[in-house]
Amino acid sequence: MSDSVDLNPCPSKWSLLQLGAICAFTSLGYSGFTSLPFYVYKHSGLFAISYYVLLVLICTPLCYVQLKLGALYKRAIVGIFSQILPLYKGFAAALLIMTYFRSITHALEISYGVYYMFASCMRPFPWALQQEVNMSSHEAKITIFDNIKTTPEDSYFINDFLQRAPHIGSWGPLVWYLVLCALTVWILVYLVILKGSRGFAKVMIIIAPVTAVLIVIITIYGYAAVPDHQISLKRFLFTDLKKFSVPESQSTVGYFMSFSEFWLDAVDLHVYGLGLWAGTLPFLGTHIACNKKSVTRTWAILTACYIFSPVIILIMIMPFIDPRYPRGILSSEVGVKPGLSYLFVSIPHTFHKYALSPFMLFLLYATYILLNIQHLSLHILMIWENVWPSLPKVVMAFFKKTPILLAAFCFVSFLLTSPYLSQCGLYLYQIVCFYVDRLLFAMVIFSMVPFIIGFIRQETLRMPIDRIFMGIWYGAASLVAACFLIYNFIVFVYPESVVSYEQRWAENLGWCISVSPCLLGVLLGAVHTIFTMSGSLKERLVQSVKLGSPPISDLPDDCLSVDTGDTDLKTPCSSRHNTPMTQARAPLLKHHSNTLAEKHSQINTAHTLFPPKLGQLALAPNVDQGDPSSCINSPTAGREPFTQDSVPFGYGTLQAAKSKATVEVVIKSTSDGNIARL
């Protein structure tokens, strides 16, 4: 990332290959490795019904509209909201804060995988030395669970690996190897996003194929080496009526479809896997052209990856999970991500039980790390490119170079991860995971308003009925998701508590974490919006709720009309330079001092943007050497030589640094033949 080039409000475009590599596994994340197997075993293979039904009804419009607005505004979610409805900028900031909270806990989960990746190389496995024990009555009292029998792998994870303290009040020191693992995770994230969006796409082209190869290797090994993999598949995919107590008078499918958790768990996967309200979808849209073909193609690639990637991961991981094996304390703790016990209890047990290859376990955890680093890096890059333009100039003057500032951002993120690395870190992790999204349904309801307004008011689709239909579908999908989240909050989340009665202060801490995105994001964003406007307080309030005009792109492939490819001439071209530019539309004059002949522009004569014979425009001598002091756009982008026989006029964009040039151009009108001077 060279200083600010890739953080320009108009970012570089990603090719189809790069989009495929980015969407392949970043759309999956942690949920595909842990939560999906957990929910499939919980509801059997029929869980695919709720998963794919909600994918069509909810994910389809949300993905398309957010990708489209990202491509149209060439801004991430904060920029989109601030241009559509300035007062709503705070809701975008609140969603970013929620996403950042989840990213911190996600980095912690990846750090667990880093440790287990290296622990798998030990012989014998360190968890094989543990014994099955019952929890002490003191520990059972604190965790509210009694008579829970721990497995060796579960005991190793809780006692030896995490060194968990008895309760959140007995704060212990940092676990040094967890600190090193978390530091490794943030270093990897920094290296992946170091070169900005353009470099991130290049890195994904390398990482995504490597991840795919590892998935193929592990899948083949699992079905060839695990003796009882058929039993695992049967218990995962096929319904056991005794297990679910399905009434004889009711069909199995009907029973599951009437079961609320059947749908709530599918919503949970979509929200956290695809990141429907995380801000990543508009960010992906900023890197594609604003036309129907590009948006539809990107949406199709993302949807296809999201359809097939979880299934591939599920097929890979199922042979290594024995659902009959008790998962102990880790599976019973409130606030722990669903399926965490599969990754750090069931899979280690299978490798120990059947004496499987430690190297293959190493590759399995390496795959987990690679897949989740892609997911985490996309979210951190999205947050970074939202935050970076808002930083004070004094901060940039202090760090001087963007890579140093990005390193500081990642280091601060590591410091915020450090409280989770103590002996009480698991309790804090449970509180944050359990409380941070309690008010997500409110954010969903409020944030859908700017998206619908921006999509309906856009001018890049000919038929208003298309925009209205998709806007209504988007609103209905958001309301359905919000209703699911509200129901889950009222029935399942609100009555529960992470801590015991003696630690109610920790529950208050959780509520503070839950409310903080609204307070920090919504209120501060609204205050910032009002105070940065000019005029009286009344005028500022009116301006803050006034709808902004949708942008009209003038890039060659960002068409005003998706059918004809017409390009609007009103808006200036996007600049990649660091120097602020003054932009003005002007004729592309001859390079000599002769005036334009009157015959070139007659009354009622129409001209194209660039006449067919125009080879290239004369540029300032220092432009080709990389000096951005002046430039003028041309149909050939400066690649072909300029000739004296070229047609001497046309319309383009002249750009010059404010403090270094005074620009005077003459415009020949194409309508009445009058000459105007700028």
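Every residue, even glycine, has its Cβ placed from backbone N, Cα and C.
Where the annotation comes from TrEMBL, it is an automatic prediction and has not been curated.
Noted in TrEMBL for the protein shown:
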- LEU371: Na(+) binding site (BINDING)
- 16-40: transmembrane segment (TRANSMEM)
- 46-65: transmembrane segment (TRANSMEM)
- 77-101: transmembrane segment (TRANSMEM)
- 174-193: transmembrane segment (TRANSMEM)
- 205-226: transmembrane segment (TRANSMEM)
- 299-321: transmembrane segment (TRANSMEM)
- 359-384: transmembrane segment (TRANSMEM)
- 404-421: transmembrane segment (TRANSMEM)
- 427-456: transmembrane segment (TRANSMEM)
- 468-490: transmembrane segment (TRANSMEM)
- 510-531: transmembrane segment (TRANSMEM)
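Over all protein chains present, the Cβ of LEU371 (Na(+) binding site) has 27 other Cβ atoms lying within 10 Å. Tertiary neighbourhood of the transmembrane segment (46-65): same-chain residues 39-40, 239, 252-253, 256-257, 262-263, 265-267, 269-270, 274, 276, 281, 295-296, 299, 302-303, 306-307, 451-452, 455, 470-471, 473-474, 476-478, 480-481, selected by CB-CB distance under 8 Å and a gap of 6+ residues from either end. Note: the stretches the transmembrane segment (16-40) and the transmembrane segment (359-384) are in contact (3+ CB pairs below 8 A, sequence gap of 6 or more). Using a Cβ-Cβ cut-off under 8 Å and counting only residues 6 or more beyond its ends in the same chain, the transmembrane segment (468-490) has close neighbours at 57-62, 64-65, 260, 263-264, 267-268, 270-271, 276, 438, 440-441, 444-445, 448, 451-452, 455-456.
Spatially, the transmembrane segment (205-226) is not adjacent to the transmembrane segment (404-421); fewer than three Cβ-Cβ distances between them are under 8 Å for residues at least 6 apart in sequence. The transmembrane segment (174-193) makes no contact with the transmembrane segment (427-456): fewer than 3 of their CB pairs lie within 8 A, with pairs spaced 6 or more apart in sequence. Beyond the ends of the transmembrane segment (510-531), by six or more residues, the same chain brings 82, 86-87, 89-98, 101, 431-432, 434-439, 442-443, 498, 537, 540-541, 544 to within a C-beta distance below 8 angstroms of the stretch. Comparison of 77-101, 299-321, 359-384 by number of C-beta pairs under 8 angstroms to the transmembrane segment (427-456) places 77-101 first.
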